[in-house]
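> Got a structure here, written out as structure tokens. Questions coming.
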Amino acid sequence: MGRFHKFPLLGLVLFLGLTGSLIAANEYACSSTDIHFTRANFPKGFIFGTATAAFQVEGAVNEGCRGPSMWDVYTKKFPHKCNYHNADVAVDFYHRYKEDIKLMKNLNTDGFRFSIAWPRIFPHGRMEKGISKAGVQYYHDLIDELLANGITPLVTVFHWDTPQDLEDEYGGFLSDRIIKDFTEYANFTFQEYGDKVKHWITFNEPWVFSRAGYDIGNKAPGRCSKYIKEHGEMCHDGRSGHEAYIVSHNMLLAHADAVDAFRKCDKCKGGKIGIAHSPAWFEAHELSDEEHETPVTGLIDFILGWHLHPTTYGDYPQSMKDHIGHRLPKFTEAQKEKLKNSADFVGINYYTSVFALHDEEPDPSQPSWQSDSLVDWEPRYVDKFNAFANKPDVAKVEVYAKGLRSLLKYIKDKYGNPEIMITENGYGEDLGEQDTSLVVALSDQHRTYYIQKHLLSLHEAICDDKVNVTGYFHWSLMDNFEWQDGYKARFGLYYVDYKNNLTRHEKLSAQWYSSFLHDGSKEFEIEHEFEHDEL
């Protein structure tokens, strides 16, 4: 991506002298002059946690009557698309959840986001074809263990693991038949766990699921048109510029029906439900001319508004209707009413920011989600800017914490200051040949610095911009199966030794996060290799 220059390693000790207007319940948090940056600088009741997803951590794919998911089949059918890795064992969270909850306790976290695997509950996708009692009990045991340790569960109903039987029967989310089946499954989880779980997410990253799986084909089920750059030659079927919109339309309708069921669930009273969105923040490229000042907001409509606009206002953003035309499905008036205000909070998975440039000449004969947005955000433009050239050699993405604050302020202003939870935020790295070196892997200076800067940016959004953020979940508790990267990308606070019994090892970032969540008394000198201290 951008050109990266190594600078001498710098020490960082965070000192916080924070002032500002007082927020009623957050008076101490936003007026503290304590030099130590700790959780006390955040509002009372703010949840700090970590996050995982069932397919990425559980393993045990053939235990407890679990059925196959779309990703099980994808990793076996196209092993080259996932670095020849699969999640049959993953990090064995299915068997080790109790010891992993002890790690959460060591971190001083009070929240944990995890997903329920649809085929572990309904092995064949529908209740009439059988319920796995072992699967149902597993999640009861997990939730009970979390609660016994004072950890609040945040449950994702669907994190990309469509039951393969539904894929085979009617194409999964390509068919509107999925709406009824998903709603049945979601309602089952609400009725089963709703008295214990009060924070729910229907869908994780519907934008990524739709675009990556059905428009560029680099995630399951790997569908795209042959003309898609980089991935087209690897796609065996699909129709870019069409299928992603159908899939997302069905997800939105399934979300609306599931939320309706949730709000009618007696056990679920007092609970909240939403979607975990995954927008980057976008800055206008310096090559953008003045007549095109809207590439940033236009692209945010396509990446965030695609799903947030309907669940707030009942319909797609006007920019999407204008650019996509007849290929964008339409909602009926009844569907619009059901979608409107169908989220109690907005989940945000934030990792990075990107530059956006108006795309003058998309080819109408080769439609795709990106060409429809009329915005080019190719990484090649990054080297023209110093501000975003913050990417150590091992990092998976550019790092820009200011983008988080900008994004949150945008959501506040455009969507009526909703409650927001940071449902994922994390730093991934590929250590290459040094991946098995504990000395290198555990000294994760960059991740520690990343967390610090993003928490500072989050604090500014809450205290200076008055954004209503109520929780932060770091991705991830531990290294795990990272989709097309397999096990090469590491995002965890704990290192998982894949060659030695999946042993967990505490990283420097885990030590810092634990201290931050305790009292911040332990000072760390953090080394970093970012070109500018603008994160």
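Glycine is no exception: its Cβ is also placed from the backbone N, Cα and C atoms.
From Swiss-Prot, here are the annotated features:
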ACT_SITE  Glu205  active site, proton donor
ACT_SITE  Glu424  active site, nucleophile
BINDING   Gln56, His159, Asn204, Glu205, Tyr351, Glu424, Trp475, Glu482, Trp483, Phe491  beta-D-glucoside binding site
DISULFID  Cys224-Cys235  disulfide bond
CARBOHYD  Asn187  N-linked glycosylation site
CARBOHYD  Asn468  N-linked glycosylation site
CARBOHYD  Asn501  N-linked glycosylation site
MOTIF     532-535  motif 'Prevents secretion from ER'
SIGNAL    1-24  signal peptide
> A 10 Å Cβ contact count, applied to the recorded positions Gln56, Asn187, Asn204, Asn468: which residue has the minimum?
Asn468
> In Å, rounded, how far does the Cα of Asn501 (N-linked glycosylation site) sit from the Cα of Gln56 (beta-D-glucoside binding site)?
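Distance (Cα to Cα, whole Å): 17 Å.
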> Over the motif 'Prevents secretion from ER' (532-535), what is the model's mean pLDDT?
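Result for the motif 'Prevents secretion from ER' (532-535): average pLDDT 43.
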> Enumerate same-chain residues with a sequence separation of six or more from the residue listed as 'active site, proton donor' and a Cβ-Cβ distance below 8 A; give 'none' if the list is empty.
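Counting only residues 6 or more apart in sequence, the Cβ neighbours of the residue listed as 'active site, proton donor' under 8 Å are Ala276, His277, Ser278, Asn349.
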> What is the biggest Cα to Cα gap, in Å, among Gln56, His159, Asn204, Glu205, Tyr351, Glu424, Trp475, Glu482, Trp483, Phe491, the residues listed as binding beta-D-glucoside?
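Those residues reach a largest Cα separation of 18 Å.
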> Check the Cα distances from Trp475 (beta-D-glucoside binding site) to each of the recorded positions Asn187, Cys224, Cys235, Glu424, Asn468 and keep only the ones within 10 Å.
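For Trp475 (beta-D-glucoside binding site), the recorded positions whose Cα atoms are within 10 Å come to Glu424.
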> Name the secondary structure element type, per DSSP in three states, that contains Trp483 (beta-D-glucoside binding site).
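Going by the DSSP assignment, Trp483 (beta-D-glucoside binding site) falls within a helical segment, counted as helix.
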> To the nearest Å, how far is the Cα of Cys235 (disulfide bond) from the Cα of Trp483 (beta-D-glucoside binding site)?
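Cα-Cα, rounded: 17 Å.
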> Taking Cα-Cα distance, which of the recorded positions Gln56, Asn187, Cys224, Tyr351, Trp483 are within 10 Å of the residue listed as 'active site, nucleophile'?
Tyr351
> Between Trp483 (beta-D-glucoside binding site) and Cys224 (disulfide bond), what is the CA-CA distance rounded to a whole number of Å?
17
> Distance check, please: Cα of Gln56 (beta-D-glucoside binding site) against Cα of Asn187 (N-linked glycosylation site), rounded to an integer number of angstrom.
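So the Cα of Asn187 (N-linked glycosylation site) lies 24 Å away from that of Gln56 (beta-D-glucoside binding site).
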